[in-house]
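Structure record follows, encoded as structure tokens.
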Amino acid sequence: MIVAVDVGNTSTKIALCENGTVVDKWRISTCGKRTAAEYFSCISVLASRRSADILAGVRGAAISSVVPVVNRHVEELFERFFNISPVFITNSHADLFGLKICLAQPTIGADRVADLVAAKTVWPTSDLLVIDMGTATVFNLLDRNGGLYGQVVAPGVSCLVHSMRECTALLPQTLARESEKIVCDSTAASLEAGLYWGYRAMVEGITKQIMRESTRTLRVIATGGGVGLFRNCDYLNHIDELLTIKGIVQIYEKTQG
């Protein structure tokens, strides 16, 4: 059993994987003050709902993190409670899969490395646009030869929600959720509709502009926490909420020879 951990700015995804298949998964809030013992307690409670001894089968772990302050706590979690040294995803792991970062600043987040590894494994001969809808929404352009040659970085849906909460005194707190129509007659519903349709319009607009500017025929892949808002979108060829987790597992297996 492999534990794949994706530490994002807003939430941390944890998945138990066996033979490349996700057996169970959980999402908890990302907190720099959470100790290794607290992580273990949290995971133990969540895992026990499936099986009392499921964690006994853990033989390895891999971590994608964009929150450095969390790294030591998660590393200690596995060293102290599982007696294993976890693999931290870095840009160098892209080389193992023939991927090249051809950007002016050739350093990207570990989650993006995992996304690109997983996407390229499934579509090895395609030019790809891989969209990760996390705290930030990142559009990755990967050519069929494995070169990451372009990117767009925009706000994520959680950033938009947070901004509305922080920058307005009288508007009610709300979440982004699907809305059938954009024009509403209540403040709460109007906020939800504005967040939902506004975010969708941003992603669709950027995607279509990328495709207009591109000389390649792009296969569009979407993942991340915000991807649940994008069902039935004809410009997204494939939606995979587990793309990052799959990439983390693939990188772990590759490093083990």
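A Cβ is built for glycine as well, from the same backbone N, Cα and C atoms used for every other residue.
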Please pick, from Thr121, Thr125, Thr135, Thr137, the residue that Swiss-Prot records in the ATP site together with Asp6, Val7, Gly8, Asn9, Thr10, Ser11, Thr12, Lys13.
Thr135
Alpha-carbon spacing, Thr135 (ATP binding site) to Asp111 (substrate binding site), which is rounded to whole Å
12
Number of Cβ atoms other than its own within 10 Å, given for Asp6 (ATP binding site)
29
List the residues in the vicinity of the ATP site, defined as same-chain residues other than Asp6, Val7, Gly8, Asn9, Thr10, Ser11, Thr12, Lys13, Thr135 with C-beta within 8 angstroms of the site's C-beta centre.
Thr30, Val66, Val67, Gly134, Gly225
Extent of the ATP binding site in Å [max Cα distance among Asp6, Val7, Gly8, Asn9, Thr10, Ser11, Thr12, Lys13, Thr135]
13
